[in-house]
Amino acid sequence: MMKNILAIQSHVVYGHAGNSAAEFPMRRLGANVWPLNTVQFSNHTQYGKWTGCVMPPSHLTEIVQGIAAIDKLHTCDAVLSGYLGSAEQGEHILGIVRQVKAANPQAKYFCDPVMGHPEKGCIVAPGVAEFHVRHGLPASDIIAPNLVELEILCEHAVNNVEEAVLAARELIAQGPQIVLVKHLARAGYSRDRFEMLLVTADEAWHISRPLVDFGMRQPVGVGDVTSGLLLVKLLQGATLQEVLEHVTAAVYEIMVTTKAMQEYELQVVAAQDRIAKPEHYFSATKL
């Protein structure tokens, strides 16, 4: 049975970020994606200039009311939220999550708590980080912070893999069943590898892959693709190990393809066959 995912995050007309990055790879893995855009920008913000607008929070609710009106909301298997244009959008998204779960009690809420990295040019509105700590975290079934976001959510420093597992379990105690730490960075075992953790109350899986060197300008949207693919694989019933291994390899294929084509924007279409069937393999280790 094909899974239906309501994906509520940013959209760029040119290039790949938010839904513009994740939607196609998720579909390539066999999911129906219902993209609902929190912002519509000309391009992602790391170019330093862009045009477009943040959607009014009521717009998100109105679109979902339309889906409910044609009696299709019960077919939604999960809500995915990513980049928010405002904290008020977050409150409306939680209302949407409640509405979806009322229609389908088995539906999951996957929160990608994008909180911004000013040094990278990723900017979020005031109040968004606080929204995730107070409201997004306890409402989520699955949450996918990077290291900086993990530290904000658990409200203390995380310096190594063991501390990251403990921090993930602190989050689990507040609501979610699954935590993906999308990028361990300085808390990982090795500075020259890209490492991730997938943690539940009683399991923790670690994986690493080579870093792909893009020089000064790292492509945007890698986390969005990672979250989207992870949600698809979880909904399809893969084990935690299978999920982590496939997602890591698929994202690596996109990165390698992008680098080989000497592009800055993620080359998700060019890499599509290797998203579905990666040529590389990375083994996850149970901690």
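Just so it is clear, glycine is given a Cβ too, placed from its N, Cα and C backbone atoms.
Note that this is a predicted model, so its numbers are computed, not measured.
Secondary structure from DSSP puts Q46 (substrate binding site) in a helix. Feature annotation from Swiss-Prot assigns substrate binding site to S10, T45, Q46, D224; the stated evidence is sequence analysis.
Cβ environment of K182 (ATP binding site): A144, P145, N146, M196, G223, T226, S227 lie under 8 Å away, each six or more residues apart in the same chain. The annotation ATP binding site is assigned in Swiss-Prot to D112, A144, E149, K182, R209, P210, L211, V212 on the grounds of sequence analysis.
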In whole Å, how far is T45 (substrate binding site) from D112 (ATP binding site) when you measure between their Cα atoms?
-> 18
For V212 (ATP binding site), the nonlocal same-chain Cβ neighbours (under 8 Å, six or more residues apart) come out as F194, Y252, M255, V256, T258, K259
In angstrom units, rounded to an integer, how far apart are the Cα atoms of D224 (substrate binding site) and E149 (ATP binding site)?
-> 14
For L211 (ATP binding site), identify the closest of the binding-site residues S10, T45, Q46, judging by Cα separation.
-> Q46
